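Inspection log for the structure reproduced underneath, given as structure tokens.
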């Protein structure tokens, strides 16, 4: 049976692994990886709009890994539409987008493996090193695939003009220009998942700290000498 300190530390590590899985699942399923503002360039050119009138042609866009939405304003009121990424395969860098998804799914799988090892170490003392600290370091290191997924997505946004491609997909009459875009909370959940695995490694390292056991003083035995018996 592990010591109380090891049970506490591995329980904390298990909670961190659960948090990592939750972060990744929410990040994968939500649509707030990127938010931005889009300008209807065609509408501006048609009416020759000046600076005070540009606000009437500025809409917004948001998207995640699988879907999103946009609101365009081209002088005909607000036009809202949904964005579905399976239809954008020919427009986007499909290989890079699939790498993002696969890296994040791999991170979810290895985070679950790390969770199972943490629970095992909290309940039993492993006889094989791969099931102990070394195994936990290994699985958490592999779970950092999530970091590669985050970096690939960042590269797609910054270097492959992902927002511009998404905004102009399916537009035959209007040209939309991206005024600004920024990473939103779904992206930062993916970053937070990476941070939890570093925290797990730190907690696992703390579990190896050995505290000195309190010494229990034994009561001194009374010694009776021959002189004491004479008295």
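Cβ atoms here come from the backbone N, Cα and C positions, even for glycine.
Taking TrEMBL as the reference, the stretch among 185-207, 208-230 described by the feature transmembrane segment is residues 185-207.
TrEMBL tags one of the stretches 136-157, 158-179 as transmembrane segment, and that stretch is 136-157.
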